[in-house]
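Asks: The structure that follows is given in the form of structure tokens.
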Amino acid sequence: YYGLYFSTLYILPFKISGSIREFLMFLKKVSNAHHSCISLIRIQFRWVKDGVEFDPSKDPELSVSRDSGTFSLTAKDGPIHQYQGRYNCYASNVLGTAVSNEARIVTENTPTLQKEKKVSKKVEEGESVVLPCNPPNSTVAPVIHWMDKKLRHIQQNERVIQGRDGNLYFSHVTEADSRDDYTCNTQFPSARIIVLKANSVVRNRRPQMMRPTGPSSSYLVLSGQNLDLECIAQGLPSPKIQWIRKDGVLSESRTSKDSYDRVLRFKNISVSDSGEYQCTATNLQGIITHTYSVTVEAAPYWTKEPKSQLYSPGETVKLECKADGIPSPEVTWSINGNLLTDPRRSVKHGVLTLKNVELSDTAVYQCKAVNKHSSILINAYVYVIELPPQILTEDGVMYSVAEGQMIELACETFGSPRPNVTWEGETWGALVANPRMSQLLDGSLQISNASLNDSGQYTCTVSNSRITITAELDVLNKTVIVKPPLALRIQRGKPATLTCEYQVDSRQDAPQVQWRKNLQKLTESSDSDKYMIDESTLIIPDVKEEDEGTYTCEVITTLDIAEASGSITVVDRPDPPTQIQMTEPKERSVTLSWTPGDDHNSPVLEYLIEFEETEYERKEWEELSRVSGNRQRTTLSLKPFLSYRFRVIAINDIGKSDPSMYTDVISTPAAQNIVRSFNGPGFEYKVMWRKVLGSGPSWHIKSIKSPPLIITDVGNFSAFEIKVQAVNEMGEGPEPKSTIGYSGEDYPLEAPLNVGVDLISSTAIKVVWAPIKRETVRGRLQGYKISLMHYGPESRREHVREGKPSNISFVMTDSNEEMKVLGDLLPYSHYALSVSVINNKGEGPQSDPLTFHTPEGVPGPPSSLLLDSPSETEMILHWTPPSQPNGILKGYILRYQQVDKEDNPMQVEKNIDHGVSHVSLKLDPHSRYRFYLRGYTSLGEGLPIIREGATTLDGVPPSNISLSTGETSVNLTWVSKERQRNVGFFIHYLKKDGTWKHSERVNSSQSFYTLRGLQSGSEYRLKIDFKNKTLWEDEIQTAGARFVTESWFIGLISALVLLLLVLLILCFIKRSKGGKYSVKEKEEGQIDSEARPMNNEGFGEYRCGEEKRTASQPSLCEDSKLCTDDALDDYANSNSVQTEVIMDESLASQSSGVRDVPDPGTQESSPLNPATPGQHRDQTWIHILAQD
């Protein structure tokens, strides 16, 4: 495996991601173009420019980096047009070729500003003006600013706006626009001037489009890009701009407006934004519209990417590659950057099919999608190899699961072809038929809805092999909430208690109980008494309206979660009814209707209608009628010649509401033929009043026909004694009793005195004040208002000096209270408070602010805690301070214990300085730990932050290595151990009679390595050394020609040796019979036996010379020297006999050590080797060489 960097793209041979990069280069200007193509191992790189091979190393202007394909260009004053084009990088090694996405270099001349004269415009006030900018042409849009000569920006608004083309548009000009230093600033400034000509009459004008012009315009944009629709209109007064979507609803989330609504902006536009949009410019003189037709198309993008995998020979490979875009892209395939030519490779609907793959099909395959906008390319790596099956998952893994949960037993395999595995249970047997158990594609066994009967041992076996592992499954009882929280109905201000009793399997650790309100976590904070959490109980001491909601109790174990929900509903007395109305008045009845007030979550049971008779002395309100809570009107029966007014009271389970506002007075006519004491002619009311204090015994008197009577100029909230007497022509009625009434209220005059603060705790105070003088209230005392100002923590005193509170809250009290306890304060903070008086008119002046600060509290938990293990016995903990220190942080306390062993004591690291942010611990490398870190102040310890972790073990090279040999390579596979660091090592190998060599550096996390460059048919010794110690060692035999060790070859040689022994025995027998050879024959025929090949015309046949045979030579071959005395003596006296076999051509091709046959023309003539011209020797020769 290897990787590349191209531009800023990371490229792997089996997957390349990124997009087309475009580089803009200006002539006559120093610029750098840097194309990166970096590899992780040494590979070969090449570049293709516009479809033609391009070698950057041959260009002296380009510099190529060592060990990579990166090249860079630094141009100085010279032409660089030749570098414009489209570039692809190809990276190749023995496994294939990866291709990068396309990069583009665009060259152009450096933008220059044309010489322009100073432009002066004379216009009348109210006309529209356009000041052109004319920036230099460039592929890159310049940044444009309109400024004056002092480089101050021209102020833009709805009337004056800069267009996207850089021009400055005036909807209409005013006299203030006259100036001579309008300057368009790009990289090269040019000046513009407006000279305004005075106009005695400024006329309004209808809106007209300035940019864009005409009734409509069209835009084509790619999905994912940004689009600005511009609408600049002239007119007087300045037109207002509105945007709509004509074929749908204009999305506020997908669009935004800019430049005083003159620009409708789309960010990351999508196909759904295609459609028609309309800009409407409106002023008092009329309207004008412009329609924008937006078409969104899309560059190609992948909907399904091909996957890189290992395959075995003979398999059929299918690589699926699908892309989409607008218009639809064309999908093509290539191999190692070249077109497909093998008929075994076919493409249909974007799917590349490779039938009956071979080892030579190992390559990088490229899928390319192209439409008119751009192209994308992705690499897929196909590796055809044969590897023995192997299970990577460790044997004997223990799994635990709670009843009803899902568990996966891992059985990760490796090999090519992909190994098939089967699972068997200790009591279940084959697991295929069990509907709750299924085998996943990666070989894992998934058990759904686990039951207690599923506990036991499970075996994973690789098909057609003896490779197995076992897994132990322990199913625990599920966590159950036996007493869930209830649905509570609590009155405001009272406490609420929610309980959550649970049952957990005894084999599990103690669970964590988490409370949530409306799915949000609740925590018990030491500086607030809002929530009190005691194990499985949640207490809210003072229920308020915001506490209403659903409360969920979560019991969390390491294996499962149980949850149950309750609720708190805040109930209270209903609010009084409103909008009391009288309708359908009759002589003896009236219909009364009302609107219900808030029932505060407790339905109204009934309504009480009360009345008051206004004809008599003032009486208490009396009950007139009751109606059910689902009615909102009723008809009331009335008595004759009386004046009534009514009010309504709502009643629910909590109690009665306050009375509603009373109605106007309604009077009933007198009854016919009935004479009553007050029913005489000339009836009127005699109203008498006087101040209770200071006015003397005299009464003020006024007669009226009917109430009410309004008296003015009587002072603020003054007490009056009031009497009303009935009078008619017959005389005065009974003497009435007086009542006390008050005039209207005014704002209180004074603030409470002697305001003081008593500290109760770090989060609570008691505020006290002296009673207010009643005469200064100037109304009915409703209570007191406490204003509490928070200035931040103690360490930020500057806020108090600057008078800038960070938070202000208010607390209201009753009229009879002269003390109030305030809670929920922040510890170690600066506060100030003041108290004011409240009456029905409003709030009086505040008392002088009283400053105080709360004492220290315990801190909140540290903000973060990270675990880092540099070695297998060391753990470094890094943390950040608490976000709420609540005082002066003295330091930290760390507690930790082993979680995988029962009854382990808690270890403590105390007195960690507050400035320390990390600590190192020496730990047992075989255990897992839980860490509790908390800060502390002088008041005590705060809440902890909890983390679990274990040290990372020192890595070692693998020792459980499986081998698979080929002719010139060997595949090594192993299982990487968990928790171990990655470590590099070398594989040393030694060929017999050779020297030790080693591989490139291998990482222990690879799990697979192929050692190449071996010789076929050879024996090797492999080993892995680490820290001067051999961890693993093995011997292998590569495949190839090794017939010399085969049994058939050994048998053949043995048979030939046996045949020679038989011939020698026959010669000994003949010699023992007295046969002799002539001396001459011996002298003439004595030659080196190695130089006398026998003339075989058939195996085992011998041809003798023409010499006359003697009587003593009736031998198998009389002329053969094999039977001479000297030959036999030589044989008997020789120290060794070497036999060499020269085989025919079919056998000789497999043998080394064949000797050349001597040329017959150079040999002496002898009976064994007659000098026969043209004699052809193509038979099998047998030489017997005797050596001293």
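Every residue gets a Cβ built from N, Cα and C, even glycine.
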Asks: Ranges 56-82, 110-136, 569-595, 1082-1108: which does TrEMBL label region 'Disordered'?
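Replies: Of the candidate stretches, TrEMBL labels 569-595 as region 'Disordered'.
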Asks: Which one of these stretches, 111-194, 389-470, 478-569, 576-671, 957-1047, has the most C-beta pairs shorter than 8 Å to the domain 'Fibronectin type-III' (751-857)?
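Replies: Stretch with maximum Cβ contacts: 478-569.
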Asks: Could you pull the average pLDDT for the domain 'Ig-like' (478-569)?
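Replies: Average per-residue pLDDT within the domain 'Ig-like' (478-569): 88.
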Asks: Look over the recorded stretches 111-194, 389-470, 478-569, 576-671, 957-1047 and say which has the most C-beta pairs under 8 A to the domain 'Ig-like' (300-379).
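Replies: The stretch with the most close Cβ contacts to the domain 'Ig-like' (300-379) is 389-470.
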Asks: Per the 3+ Cβ pairs under 8 Å rule, pairs at least 6 apart in sequence, do the domain 'Ig-like' (389-470) and the domain 'Ig-like' (478-569) touch?
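Replies: Contact between the domain 'Ig-like' (478-569) and the domain 'Ig-like' (389-470): present, because at least 3 Cβ pairs are under 8 Å.
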